[in-house]
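Report on one structure; see the data block that follows.
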Amino acid sequence: MTPPEEDPLNLKQFKTTIIEQKNQWIPFSGDEKISGFYKQQNEMIEGFLSSGDEERLKAEDEAQNGGKVKLAVRASFAVNFCLFIIQLYAAVSTGSLALFATAADAFMDLVSSIVMLVTSRMSSRPKPYKYPVGRRRVETMGVIMFCALMTIVAVELIIESAKSLAAGETESKQLALVPLICVGVAIFSKFVMFLYCFGLRRYPAAHVFYIDHRNDLAVNGFGLIMAIIGDRFVWYLDPIGACCIALLILFSWASTAFENMWLIVGKCAPREFVNKCIYVTLTHDQRIQKVDTCRAYHSGQQLYVEVDIVMDPETKLRESHDVSQELQRKLEGLADVERAFVHVDYDYEHDVNEEHRPLYEIGGPGHSIRALLKRLFAKTKQRNADEATV
């Protein structure tokens, strides 16, 4: 392998400083768009040039922040447990439906925290014989399970709120000062954990609790306000507040579930990341003549990368193996890459779909609604014609 250069394609010459951006003038273009273009270009070049250090930086980051993430998960679990006890006491002592909604939310947070703790531990303890590529996707599944539990709670709260509104005004317990103080302490604790998890939100486990604490701040604050107003002024604001809290929980966690669902399905990586993989491949070794194909897609939170490179047909097997293996290891050193696969070829003038079994029928009948209706009408017309001939 040829020794790597710091900037083999001399990309630094294309970086533009802020002063140079201001001195350039392009007609019919806004300054903000021009500045945004050069800023994006500079970030892309920096990403290309720093791609060789990503594995080292990732290891240093995990060594530096791994303990913080574990602390965030465990502290969030402890806060959720205490919050549930406080919210349950406040709801039972006051009889407020809005506070019952926040207590139910706190209970599901506690259950979901247990789910996240279990899945986080499972993903960090692989079983190579039973799970050859590890269990990193378990963490994503834990997020989806978390979202499913919270969605169920939200639907139940909406049903109970509707029942309360249909029943009309009833006598309820007066709000006491002690439960309100307890809820205030719980909200403050959630705010502290929100700030702590905010700095670690790029880690999946901490990101889930960051969203959880953010939602709980709004839920508990809004629930407390609606409970007080419903008790002192208008009775139906209490169940309406509970319904609003449930809708907030429902939409927030449903959107999070869909985001993680597409990661499990195999969503394509951002175009900028694919470009980085192509750059790393092209600059890896001078014996690589071309990059035939490059794919990057999600497998949970992490990415899988597939690269087809073209080398000289006369290259020895040992050389092609060493080049591809070193490239594979380099690609796996990029941030967020779990596995990389490198295939060596000598021909680039071929159909890439011939290399694998096609995932779908190419050139087959369309599956759009228009195509389905067209085929249905054609079959009906043919059946009517056959009946007429008989």
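Cβ atoms are placed via backbone N, Cα and C, with glycine included.
Taken from TrEMBL, the feature domain 'Cation efflux protein transmembrane' covers 74-261. Look at TrEMBL and you will find 280-345 tagged as domain 'Cation efflux protein cytoplasmic'. Residues annotated as transmembrane segment in TrEMBL: 71-91, 97-119, 140-159, 175-198, 233-254.
According to DSSP, the secondary structure content of the domain 'Cation efflux protein cytoplasmic' (280-345) in residues is 19 helix, 28 strand, 19 coil.
If you take every residue in the domain 'Cation efflux protein cytoplasmic' (280-345) and average the pLDDT, you get 90. Outside the transmembrane segment (175-198), and at least 6 residues removed from its termini, the chain residues within Cβ reach (under 8 Å) are 72, 75-76, 79, 82-83, 86-87, 89-90, 93-94, 96, 99, 102, 206-207, 209-210, 213-214, 216-217, 220-221, 224, 227-228, 231-232. The list of residues near the transmembrane segment (140-159) in space but at least 6 beyond its ends in sequence, with Cβ under 8 angstroms from a Cβ of it, reads 101, 104-105, 107-108, 111-112, 115-116, 118-120, 204, 208, 242-243, 245-247, 249-250, 252-254, 256-257, 260-261, 263-264, 300-301.
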